[in-house]
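Residues or ranges marked as ATP binding site in TrEMBL: THR63, GLY64, LYS65, THR66, THR67, TYR207, ARG219. Taken from TrEMBL, the feature domain 'Cdc6 C-terminal' covers 300-374.
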Amino acid sequence: MTLKNMLMWDETLFRDPDVFEIDYIPDQFNYRESQMRELAFLLRPGIKGSRPLNATIKGTPGTGKTTSIKKIFADISEIKSKMIPVHINCQVENTRFMILSQIYRQIAGHNPSAAGNSYKRVFESIADILLTEDRVLLVALDDANYLLFENELNNILYLLLRSHETYPGTRIGVMVIISDMDVDLSRELDIRVTSVFSPTEVYFPPYSVTETFQILKERVLQGLYPGVLSDKNLDLIVDHTLRSGDMRVGIDMIKRAGLNAEKEAMREISEEHIHEAYKISRFLHLKYSIQALRREEKDLLRLLVDLSRKDEQLTSGQVYTIVKKKLKLGYTIYYEALRKLDTLRLINLEFRDGRGRTRLINLRYDPDKILFYL
């Protein structure tokens, strides 16, 4: 490598590094026009002052669901409308009280009163604002599959969708965004919720090879300087992205590969930089899934890692005996935590033949990788 091909200490390969952040909303957003048109149609009554139509939005991670919602919500906020759109990240806000507090924070501009430390008081304050200002509320519960445990999804939907019974005149619509294709809401929701929910389903399919290439290419053009990443090497990133099934992996790979090249003072991203980036980016799902766990769920996962090193086969009953002593968890909390780890694909639960309800527990990731993100 000649001196002229080396990156100087004050030079960078990144035109705009923010383009590669997970929560970045691109100006140019393609291949989801039909889904956004359908969502806009469902929300039209809310813009006119009526209750918006409810929706379920399904698709695997990294298929444009969140970006579509945020772009539509941004458009709603820019026009004169009675509707207040509120986006909730259910990986973070995963209890009824936390969700209602976030809704209040977004429509009132400040935190709920310290005196209003119950979900009922917070919701009463929300209803009061809606009625006093004659506003319509639209709530998007993003990654709502994180609310399936301890009946949280049923609880929050019941409260929001039946608000008019307790507070006549309130108009609230809900969009439930699901990233787990195995989730069947018709089985998960109570009859008291399904009787008033009646959502329209909007499906976000995985991106094709061409779509994946074009989306990543647009990020490259925005975020990197010309000549940094060749189309040939971008094809390699596309292959890894399609293998993972998550566009976010590809975006993260470009960022990490660029940083790898800068670290070596290179002006171009090489195949080796991409391979090294993939070793980390491929665990993006693991990283964000663990971040979404509560303390007792992380403690249980850490214990499972420790036990897996000592025993080739772990059963749910055997593990509970240890959990009861070490973590002081009751069976209901233990079972819900175990079910959540399985749903998030951190562990795999399999029924053992001839042993009643006993299930085998297997880790889906290397124990050392799990501990790294814990």
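Cβ from N, Cα, C; glycine included.
Those TrEMBL annotations? Automatic predictions, nothing curated.
Positions of TrEMBL features highlighted on the structure.
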residue : record           : Cβ contacts under 8 Å, 6 or more apart
THR63   : ATP binding site : PHE204, PRO205, PRO206, TYR207, MET247
GLY64   : ATP binding site : PHE29, TYR31, ARG32, GLN35, PHE204, TYR207, MET247
LYS65   : ATP binding site : ILE57, GLY59, ASP142, ILE177, SER179, PHE204
THR66   : ATP binding site : ASP142, ILE177
THR67   : ATP binding site : ILE25, PRO26, PHE29, ARG32
ARG219  : ATP binding site : VAL19, PHE20, PRO26, ILE251, ILE254
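In terms of DSSP secondary structure, the domain 'Cdc6 C-terminal' (300-374) contains 42 helix, 12 strand, 21 coil. The ATP-binding residues named in the record, THR63, GLY64, LYS65, THR66, THR67, TYR207, ARG219, extend over a maximum Cα to Cα distance of 18 Å. In the three-state DSSP assignment, the secondary structure recorded for THR67 (ATP binding site) is helix. Across the residues of the domain 'Cdc6 C-terminal' (300-374), the predicted structure has a mean pLDDT of 88. For TYR207 (ATP binding site), the count of additional Cβ atoms within 10 Å of its Cβ stands at 25 [all protein chains shown].
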